[in-house]
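Working notes, beginning with the structure itself.
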Amino acid sequence: MAENLVIVESPAKAKTIEKYLGKKYKVIASMGHVRDLPRSQMGVDAENDYEPKYITIRGKGPVVKELKKHAKKAKKVFLASDPDREGEAIAWHLANILNLEDSTENRVVFNEITKDAVKDSFKHPRGIEMELVDAQQARRILDRLVGYNISPVLWKKVKKGLSAGRVQSVALRLVIDRENEIRNFKPEEYWKIEGEFRYKKTKFTAKFLHFKNKPFKLTEKADVEKITTQLDGDQFEVTKVTKKEKTRYPANPFTTSTLQQEAARKLNFKARKTMMLAQQLYEGIDLKKQGTVGLITYMRTDSTRISDQAQSEAKNYIQETYGNDYTSNRKSKGQGDQDAHEAIRPSSTLRTPNEMKNFLTRDQHRLYKLIWERFVASQMAPAILDTVAMDLTQNDIKFRANGQTIKFKGFMTLYVETKDDSEDGKDNKLPNIGEGEMVTATNIEPSQHFTQPPPRYTEARLVKTMEELKIGRPSTYAPTIDTIQKRNYVKNESKRFVPTELGEIVHEQVKDYFPEIIDVDFTVNMETLLDKVADGEIGWKKVISDFYSSFKQDVERAEEEMEKIEIKDEPAGEDCEVCGSPMVIKMGRYGKFMACSNFPDCRNTKAIVKTIGVTCPKCKEGDVVERKSKKNRIFYGCSKYPECDFVTWDKPIGRDCPKCEHYLVEKKQGRKSQVVCSNCDYKEEEQK
C-alpha cells in the first residue's frame, strides 16, 4: 500500500505524476475545486467582515469522500495543485476538508510535468502561502458581490438571465466603445501617387514624398493635379541613397496572452480552444516507450522568464541544428508578475514537433509546434536586414523607394511573429545604383482613398487590449470573452465582435448606475490591489470593504431609480402552425430560434433555417440549408431531413462537375476559396 497521498486537479495530471513517483505514492484527482460559494445565494456575509460561506460543490460529495478515505490511510498528504493563486486556493480548501495542520509543509509546486521537475518538487515541499489564497478569495468574493448584486437588478428591470461582472462588463465596454467610434467616424478624402520605375532591367516602385523639399498633403484631386502637371517627361534623378543595416530581434517566448493572440492569428483557434489544448499538453501526453510526459510548461503565466537549464538546452540544439552563427549571445531577461513562473515553452527542446507528431492530435500538434518554434526562435540570433531608401527627384517633386533584403536570416529561419510579416518595402527589390544616375518612370498612378474607421475587435486584438490595459489576469481572458458571447451581448461576425442590441442596453444601464464597474482605471487599480494582497502588503478584507461601501449605495440607487426596459422580441415573419399566433425570434444556448409569441399557452418552437438558393443534389426536391453544429461549426443539409440525409461541410454552389457530374462545392482555406468537385479531382481557379 502507498505511504503517501498526492492530490492534483485532473486525472490526466494524476496519471502522469504517479508514473514518476513510484509505488510509495498514490496520486488522485480532486477534479478541480471541491469547495466554492453557494450558487443559490450570495454566500458572503457583508455584515460579518465579509466572511465567505464555503460549501462542497454539488456533485463533489463522492470525490470528497474518496479523498478523505485515502488521506486517513496515508502517512503524508501532498497537495500538488497548479502553481498559481487558483491552485493555492484549491490546496487550501483541500487542507481544510482533510483537516491537515496549517503548519504542515505539504504543498508541492512544479512549473512543468517532467520526471526531474516533479521529483525535485517533492524534495522541497512548503506550507500553503495564505497571501496567494487571500488574493484568490478577494477576487472570488469581489466577483460574487458584483455579480449577485447587479444581476438581480438587471433581471427585474431589463430581462431575466442577464449578468454583469467586474471584468466582463469592461470587456463589453471595449467592444461597444469601438462600435461607437465606427458609427461616429467621418471618412476623409486623401490621395496617393505611386510610380513604377525602371533602371536597366530592374523594375521597382516608389511613392510621392515631398514637393519643394516639404511634405505636401494630397487631400483632393486638385492637389494631385498640382503635382502631376509639374512632371516633365519620364526621367528622374537619384538624389539620395541611404543604406542601413537593421537588426531584428526575435519575439519573447509566449505568455498566456501572446499565445492566445498568435494561436488566433496563425491557427484560427479561439482563446478557449487554445487553453484547452495547452492544458492537455501541460498535463501529459503518452509517448509510448518514453511514458507519459508533460510537453509544455504551465500555461497560465504573465512571465517571459526562462530557466538557465531550458536556455542551455535550446542553445545546444540550435548550435547542432543550425550552427554557431545562429546562437544568441543575449542573456534572457524575461519579466512578469508571477516571478515563480516561466514563459510557456516546451519542457524539452529535444522533443521536436516532428518527433511528437504521431503522439498528438492534429490540433495538439499545431499548438505544440507554435509553442516550440516560438521558444527556440526566441533563443536564436537576430536577423540582419539591409535596408535601402532611394529618393528620386524631378522638378522639385520627390518620390521615395524603400527596399530591404535579408542579409542573415537568424531566428527568421524558424519562426516569424505574425505582425512582423507586413513591412513596407520588403518585396521591393531596388537596383544597385548611385546618386546622380537617372531612372525611368514607366507609370505614375494617382489613386483616391478615404480614411477608414478603426477595425472591430478580433478575439486576438481583444485579448491584447485586455492585457495592455491590465484588465483581468491570464486565466480570465478566455472565459470573459466566452461569457459575453454566451450572454448574447456580442456576436462574432466574420471573426470580429459586434455588440448586440441587448449588449448595448445592458452596458448603458451598468454605465449609468455602476460607473466604477466599467471604468478601466478602476479595474486596473483593483488588479493592483489584488497583487498587493498576494504580496502580503494589504489585507484582503480591507480591499473588499473599501469597494463595497460605495458599491452598496450604487445598488440601492439602481433598485430605486432604474427604469424598466421592455425588449421586444424580433418578429419572425410567419405564424405558428399550431395556434396561428405570430412567431418571434428568441436567443437560446446554441443561437437564435423561432418560438410562438403565445408562450406559455403554446410552446411551439422551430429552428431558423437559412436557405442558400441551391436545390438538394441528392433528393432533388428539398433546398440546401445552412445549419450549425453544437460546436457552432457551419454545415449544409437538406431541408427535407430526416427524409433526406444529405449533409456536407462545404457549401454546394448549384452546379455539377463537368468531369463526373457530381455536385460542386466552395471550399474555403483562410481568406481564399476554391470551387472543387465533391467527388473527383476537378478544381477551378482560386478566388481571393
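Residue positions begin at 1 at the first shown residue.
Backbone N, Cα and C atoms are what each Cβ position is placed from, and that goes for glycine too.
In Swiss-Prot, the feature zinc finger is placed on 657-680, out of the ranges 201-224, 249-272, 657-680.
Swiss-Prot lists zinc finger for one of the ranges 522-548, 576-602, namely 576-602. Among the ranges 36-64, 65-93, 471-499, 616-644, the stretch that Swiss-Prot annotates as zinc finger is 616-644. Within the same chain, residues at least 6 positions away in sequence whose Cβ sits under 8 Å from that of Tyr148 (site 'Interaction with DNA') are Met42.
Residues 486, 488, 502, 569-570, 608, 628, 630, 632 of the same chain lie 6 or more positions beyond the ends of the zinc finger (576-602) yet place their CB under 8 Å from a CB of it. Remark: Trp155 (site 'Interaction with DNA') has Gly161, Leu162 as non-local neighbours, by Cβ distance under 8 Å and separation of at least 6 in sequence. Nonlocal intrachain contacts for the zinc finger (616-644), taken as residues 6+ away from its ends with a CB within less than 8 angstroms of a stretch CB, comprise 590-591, 607, 609-610, 650-652, 656, 662-663. Working note on the recorded positions Glu9, Asp82, Asp143: by count of other C-beta atoms within 10 Å of each C-beta, Asp82 ranks first.
Of all the recorded sites listed here (His33, Arg139, Arg300), the one with the fewest other CB atoms within 10 A of its own CB is His33.
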